[in-house]
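Under the heading transmembrane segment, TrEMBL lists 21-38, 44-61, 82-105, 117-138, 150-169, 175-194, 295-316, 322-342, 354-376, 382-398, 418-437, 443-463.
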Amino acid sequence: MKEKSLKDKTVSGLSWSVLDKLLQNAFVFVAGILLARLIDKEGYGLMGVLAIFVGLANILHESGFSSAIIRKKNITQADYTTVFYLNISIGIFLYLLLFFLAPLISNYYDKPILTDLSRYLFLSFLFNSFAVVQNAKLIKEINYKLITKINAFSVFTSYSVTLLLAYFGFGVWALATQVVLWTFLKVCCLWIFSRWKPSGSFSKESFKDLFAFSSKLVLGSIINSVMVNIPQNILGKFYSLSIGGLYNLAYRNYNSANDVLNGSIYSVSYPILSSIHDDDHRLKYIFRKFIRIKAFVIFPMFMGIILVAQSFMYILGEQWLSAAPILQLLCIGGIFAGLETTNGDILRIKGKSGLILILTIMHAILIFSSICIPFIFGLSYLYYIAGISTTYIIRYIVSSIMSNKLINYSLVELIKDLLPYFGISFICILCGYMLRFAISQPVVLMICQIAFVGALYIGTLYFSKARILREAIEYVTNKRIKK
């Protein structure tokens, strides 16, 4: 792939990916405000305790084969078809297994509603198993234009139905319907518009080839899923479903921001970096470009959310004010979690799935420690969440050491890539914080802080002639991006 072609694909893919995440999360944001006023904390808590089962099932039926498909250069129809049949088989098996385990889940949390609710919600991963290959194929081709259209339709329709159900008093069932309907619509659209259909039969050779890479990834993904979702289960079981609901709402809002900032970049960076994984010089150059892009958006956005969290929860309703410190702690860890995913890209494309597994196991041990310490000393649940955020900082440091050695990326280069954006963001946030001494009304304060900090950040980068900002402006105004 030539440099110009690579740059064009990167810019086009990133633009559509960002648009995809913005459209999705803009509607999720607005719908989330309305839903928070219609559904109580316990409803969110019930969804939170089931998230770990849905997450694990999605990982098990996908089994790391999406990453294997994207990474493999000479992919064949036999490879696609093999993964397709495998995903469906595992998906059906897992749904039946969890269907019969649903009463045990209900008994564990002493909530009878969980039996029927879980069986309904688990349909989402069963539907999803029918389109894992189509989605991975579009990502491999960097066809985010089609992905954006499909996601926009699915999100808009599912949340519209959810809002109607919530308005008419369906409560937690409305939240579950959003997940199931979103998945069902997305799968239908992928089948209609992706233009890929299975042909042939299951291939043992294809399975062995792809499984050699995916096997270690899936174990790491399982551990990751448990680590992401276990806080909601711990809080819901050992504290209360209301506290679990506070965490669930805070995590939903954190995850929406993370999806826009980090997800849109990751979805493009992995296939782009995979295409040049055998050219270390170009790989390092493009890797550093993605690091700077991430720093450019992650530092100001997550710091900004920390700044306005209290005001934002006031908009959702007074019952959610206690979720503000949870959201702030999640965003601190989110800064480092977002930066760490690009390190993971390097480990994956270099075939170091074993290192990823070691990193994930280490992180799991840290998470377990952060769970035990608050219980041993009788500390508030906020210490537990603070401990989880700290583990992401440690994980980022370790993963940086692992990945940077593979491409000869020095600590000095890393600091040069990150420090300018961190420093400017931190100063801008401090200036925005001062506005609270002049404005007392939460909604007005939040709007003024966002506008002031945003303008100050962009203005500072503009007058300091930051290359990332210049290239973004030139692209938007249809000018040629200079090397």
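Just so you know, glycine gets a Cβ as well, placed from its N, Cα and C.
Here the transmembrane segment (150-169) has Cβ contacts under 8 Å with residues 20, 23-24, 27-28, 31, 34-35, 38-39, 175, 177-179, 181-182, 185-186, 189-190, 193 of the same chain, all six or more residues outside its ends. Between the transmembrane segment (295-316) and the transmembrane segment (322-342) there are 3 or more Cβ pairs closer than 8 Å, counting only residues 6 or more apart in sequence, so the two stretches are in contact.
Sequence-distant contacts of the transmembrane segment (44-61) (same chain, six or more residues past either end, CB-CB distance under 8 Å): 87, 90-91, 94-95, 98, 105, 109, 111, 113-114, 117-118, 121-122, 124-125, 128-129, 132, 172, 175-176, 179, 218, 221-222, 225-226, 228-230, 232-233, 235-237, 240-249, 251-252.
Cβ atoms under 8 Å from those of the transmembrane segment (175-194) belong to residues 35, 39, 43-44, 47, 54, 117, 120-121, 123-125, 127-128, 130-131, 134-135, 137-138, 146, 149-151, 153-155, 157-159, 161-162, 165-166 of the same chain, restricted to positions at least 6 beyond its ends. Counting same-chain residues at least six beyond the ends of the transmembrane segment (354-376), those with a Cβ under 8 angstroms from any Cβ of the stretch are 216-217, 219-220, 223-224, 226-227, 230, 234, 238, 344, 347-348, 383-384, 387-388, 390-391, 394-395, 398-399, 402.
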